[in-house]
Amino acid sequence: MKDLVKFLKAQSKTSEDFDVIKIGLASPDMIRSWSFGEVKKPETINYRTFKPERDGLFCARIFGPVKDYECLCGKYKRLKHRGVICEKCGVEVTQTKVRRERMGHIELASPVAHIWFLKSLPSRIGLLLDMPLRDIERVLYFEMYIVTEPGMTDLERGQLLTEEQYLDAEDRWQDEFEAKMGAEAIQDLLKGMDLEAECEKLREELQETNSETKRKKITKRLKLLEAFVQSGNKPEWMVMTVLPVLPPDLRPLVPLDGGRFATSDLNDLYRRVINRNNRLKRLLDLIAPDIIVRNEKRMLQESVDALLDNGRRGRAITGSNRRPLKSLADMIKGKQGRFRQNLLGKRVDYSGRSVITVGPYLHLHQCGLPKKMALELFRPFIYAKLESRGYATTIKAAKKMVEREEAIVWDILAEVIREHPILLNRAPTLHRLGIQAFEPILIEGKAIQLHPLVCAAFNADFDGDQMAVHVPLTLEAQLEARALMMSTNNVLSPANGDPIIVPSQDVVLGLYYMTREKVNGKGEGMLLQDPREAEKAYRTGEAELHSRVKVRITEYVKNEAGEFDAKTTLTDTTIGRAILWMIAPKGMPYSLFNQTLGKKAISKLINEAYRRLGLKEAVMFADQIMYTGFAYAARSGSSVGIDDMEIPAKKYEIISAAEEEVAEIQEQFQSGLVTAGERYNKVIDIWAAANERVAKAMMENLSQEEVINREGNPEKQASFNSIFMMADSGARGSAAQIRQLAGMRGLMARPDGSIIETPITANFREGLNVLQYFISTHGARKGLADTALKTANSGYLTRRLVDVAQDLVIVEDDCGTHEGLVMTPLIEGGDEKVPLRELVLGRVAAEDILKPGTEEVLIPRNTLLDEKLCDVLDANSVDSVKVRSVVTCDTDFGVCAKCYGRDLARGHLINQGEAVGVIAAQSIGEPGTQLTMRTFHIGGAASAAAKESSVQVKNTGTVHLMNAKFVTNDESKLVLTSRNTELTITDAFGRTKEHYKVPYGAVLSKGDGQEVTAGETIANWDPHTMPVVSEVSGFVKFVDIIDGLTVTRQTDELTGLSSIVVQDVGERATAGKDLRPTIKLVDANGNDIFLPETDVLAQYFLPGKAIVSLDDGAAVKVGEPLARIPQESVGTKDITGGLPRVADLFEARKPKEPAILAEISGIVSFGKETKGKRRLLITPTEGETYEEMIPKWRQLNVFEGEMVQRGDVISDGAETPHDILRLRGVRAVTEYIVNEVQDVYRLQGVKINDKHIEVIVRQMLRKAVITKAYDSEFLEGEQVEVARVKIVNRQREAEGKPPVEFERELLGITKASLATESFISAASFQETTRVLTEAAVAGKRDELRGLKENVIVGRLIPAGTGFAYHQNRHKHRLVDDVVAKLSEEDEATIADEFVMTADDASASLAEMLNMADDAE
């Protein structure tokens, strides 16, 4: 009885009994303890008998029997002898599977350094001994001696000696000292190290030194030494004296037909090691000459290197076919390695795949499954049913019946399949909606039928796509499939909370056609009593579908009690809309139906249905919409003919006008009035504008037609042109595509992104000539090449994102923080790009939201802002709200539900255990394939909008200028002299309505705080050049402007005007290199003028390419331009757009020419210059001056004597997120990354909720650098998880010690993934060798917190349905700890009282059995 209980206990303990995985160095004794015997011979198996050779690599005595429960010689067979060791062949009688787990070992005749600790940079052995890698290699590979014991000589420990030096030393000191070669020497040195003393010594050094590099070096060594001390690893274990041998079934030898064998490469590598080792043993026994032994030792070292990591040092050892052998390191790393191939993803049983076709008659929760497939997939279920029903006596009989496909089998199949959901998956599975559950409907044929509405989620179309089917087997799996993965439960997209079950294409066209109205249609003006009558009128031909009629419509409105009240009104509508109303669920307002329904409107319909009526109604409604849409699309008979593409008559006038303008510019260029760059820009602007005008004329022509109404008067109505209807409804095509069909194709781009200045004036209807076609091929082909690249890049980005965010899970309800991000609407120019409600919807308020201008609380803090509350915000015109955010969440190792807010895919506050990190990564990665790879084109047509050159106000209100400096010119207008000026217009309530960036040199007609009316133009500037504005009036004095040296003079042939162009420093003669062309302003007497209220001279340094059109001594007034600097031409400036931009942001890469930001607040001045750089000084009000060297070619935004604030831009450029974090803090960097990423996605029309990007930013910010460690466990300058610092600080606070000081650090996603606490997760991501080496040396523990680690060790993940399981394990563990403590104390007292009765025993046995069942 007792044994049985024990046996069951042993069975149930599988992967449950560990909570932490620790990795470390193996000591020789440990390796021997794993081993079941020493492998002495290189033989594998006997080629005649196929039996393993004794003591060889496949030896049965060491590794276990080849056949189950049978020894090698056949003396003992069968189960009854299990555990017996055969005296003849020495094999233990047991199962074969022990050959997968029993290890052997090889006793090495000479120690060998482990290549990972030697060559994986930084070399651990080198760091420990404080020697360069080159020197260690010289010793290891027998080129030099190293002193291990200096004795009384004047040699030093660790000194290298050549052969000659060694012999000399031996002559001088005989055996006073000891010097060795090879791994033994290194082993001796490592053995002789006193780690603690070394640590102390380094700590003292660290206190004394001041040099930064030295400090870095010492901290590196100190960290390594401390890791050794703490982990209990011994340094000499990095040199191996015993080599473990992998169990034979993990490096199999498979006989092929024809007497040959296929073998794992590892066997070759092991054979090599054993051969050399045995030869070395013999040589040592024979006392062979030193040089031979040395050579053999070196070869042994090399062969062990190859076994562990082939190709890491020297040339890789190759097999018979010139292919490098796969070593142990190669087995685990890379896509084909153990981690990614077998642990993170596996192939599964009970799956099939087939082509998909449309199932327009299916319900949303159904899919059509071919009978043949179903029969195969549900086989075991059918067998079981056949047996239990008594149709078959044995499994064999059942099998026969199924193979013969007897009639009864089909009945049973239908029964088995009923309510058994199956999973459908379409590769690539980019987000969680790529796998959904459906109920199968058996169909004839061989193709899976898919419901059209889920195509958007799968990104599927029916041009030959295939899908895979999986069968959830266990009851739990079926439950999860039905409750969580059913397509009806996934109506909303997790990326943005909008419905993803939206009709597209035909359905949209059908509904649009159905709800259009037509002037003077048949039956116009009829009075109908209800929608049924309207349908009757349409079916009998009394009225057309589009006719305007009056119908009595009954709406149902929910009252306070939640019941529906009927409300009937006579409504002006059309027949089609009335018919559509018949499928509307109760509780929807008719106003949503009484309009022309395009794709957006239909999406809104479904969204409203979901929010108002709940999931079930919404799903049924979506199905009805689809059926109706298909029916009426068929009725509409929409088709496209060539005559539908109507070319506007105005087109040719517009084009000829543009050609004249271009000719004029060309003339100006030839007469020297404009530069080549300006000409190019202007030509492109002209054509871009012409294209817009043609497009507008075409759309006006297409979109409207004039008809005669009932009164006999002409009336305009939307056109019934098929092409227009398709684009207008959102079914297919866009205005930009129609423009190419019937307008003009417009400007094209070259492959490098610059724009070709001759546009294609033809369109597809007229057809292109050869030249036009040739120009347009660039764009088209680049598009194809891009697509291929894009897919790979996008997949890689997704992989990195998932990896960095995988362990972020909702672990608690509320962390209690008051922190958050302040949200304001995003306004660019005169348009509100993103309204406030979109930004705060589904977030939790971090502080009470007050009614503007009062102290009245509108919404208390910690409230989830839903649609209704957002309406309240809009009604009270609130324009900034502080909301909780994951970036500021205080939870350690996870986030709380309140900081995350609404679960976008479900519409309520997020549940605990939801894997928000993975969802965020998928939401950002999935649209990645829709982003462009570079600059933005539409089918190659360059979209260069005419550049802005003025601000025209759209709303009446008040002007506000931010960080503006200006001078007032003699027309009393303001001329800006500051760089990053922002101009906003606010309305009467103080809400920001418009927001513009105004460049340096712009002329403003209104100042700060002045009123403007809508339509006024309040700022003007030249978009193609940047002026240098005079801030005082006076006379020009040229300094260092010397013709031929620093400037060239260009004279216009026609006008005779001459202008001076400053040369770039690189182009000047040597004499002119150090001169600085400057315009100085002096008064009438030639004295210097200072800028008003400063002691700074009024002088302006001119950069290269600047054009001066004034003469020396000319008079200038305030605000006049002194010179102009041409701006770069459009198109050639390569804006990194699309995917690479997103990747750069998440990788936190520093841009090529980053903006230079002010490190401190203070007054700017310039110090002594060096050859290529300027010295910028910032003097704060108190404290020491900060100085920075800036290259001369950088244009500065500050003048001497200006006051700057910390974080202000000193020189323009792309800002580095690291700088933003350092100077402006976490919130600013979050805002920056979120906005920049959103800009890229918005441009492509992709909607992603901000919080997904914030989740990734939180993971990028999870490390901190310790700046003041005090007496804590941390080192200064060490990189630690923020959560760990917070935990330590909480403890210190409780003890009354000062908190550890730290600075947050921003890591790119790849770096952040590799720097995660879990070494298993990091190793399965990238750079496996390096991660494992580091972890082993440090003796790291993996707490198995994240998802990846748990998948790899084969457990449920601590998220979703596995969250509770892990919580319970955690609780049990705590209870067990307490019980263990108690039992130690109480064992004595309990022993007397505790007697177990037979009943108790059987009860506990039953419990054990149940537990064992559960475990299985």
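Numbers run from 1 along the shown chain.
Every residue gets a Cβ built from N, Cα and C, even glycine.
Site annotation (Swiss-Prot): Zn(2+) 2 is bound by Cys889, Cys896, Cys899, and the candidate from Cys815, Cys870 recorded at this site is Cys815.
In this structure, the C-alpha atom of Asp461 (Mg(2+) binding site) lies 62 angstrom from that of Cys73 (Zn(2+) 1 binding site). For the binding-site residues given as Cys73, Cys815, Cys889, Cys899, the lowest number of other CB atoms within 10 Å of the residue's CB is seen at Cys73. In this view, Asp461 (Mg(2+) binding site) is surrounded by 11 other Cβ atoms within 10 Å of its Cβ, with every protein chain counted.
One residue stands out among the binding-site residues Cys71, Cys86, Cys89, Cys896 for having the most other Cβ atoms within 10 Å of its Cβ: Cys71. Spatially, by CA atoms, the binding-site residues Asp463, Asp465, Cys815, Cys889, Cys896 include one closest to Cys89 (Zn(2+) 1 binding site), and that is Asp465.
According to its DSSP assignment, Cys899 (Zn(2+) 2 binding site) is helical. Fewest Cβ neighbours within 10 Å among the binding-site residues Asp463, Asp465: this applies to Asp463. In sequence order, Ile356, Ala460, Phe462, Gly464 are the same-chain residues whose CB sits within 8 A of the CB centroid of Asp461, Asp463, Asp465, the residues recorded for Mg(2+) being left out. Taking the centre of the Cβ atoms of Cys815, Cys889, Cys896, Cys899 as the Zn(2+) 2 site, the nearby residues of that chain (Cβ within 8 Å, site residues left out) are Glu812, Asp814, Thr817, Arg884, Val886, Thr888, Asp890, Thr891, Val895, Ala897, Lys898, Tyr900. Across the fold, the C-alpha of Cys815 (Zn(2+) 2 binding site) and the C-alpha of Asp465 (Mg(2+) binding site) stand 46 Å from each other. Comparing C-alpha positions, Cys71 (Zn(2+) 1 binding site) sits nearest to Asp465 among the binding-site residues Asp463, Asp465, Cys889, Cys896, Cys899.
Here the candidates are the binding-site residues Asp463, Cys889, Cys896. The one whose C-alpha lies nearest to that of Cys86 (Zn(2+) 1 binding site) is Cys896.
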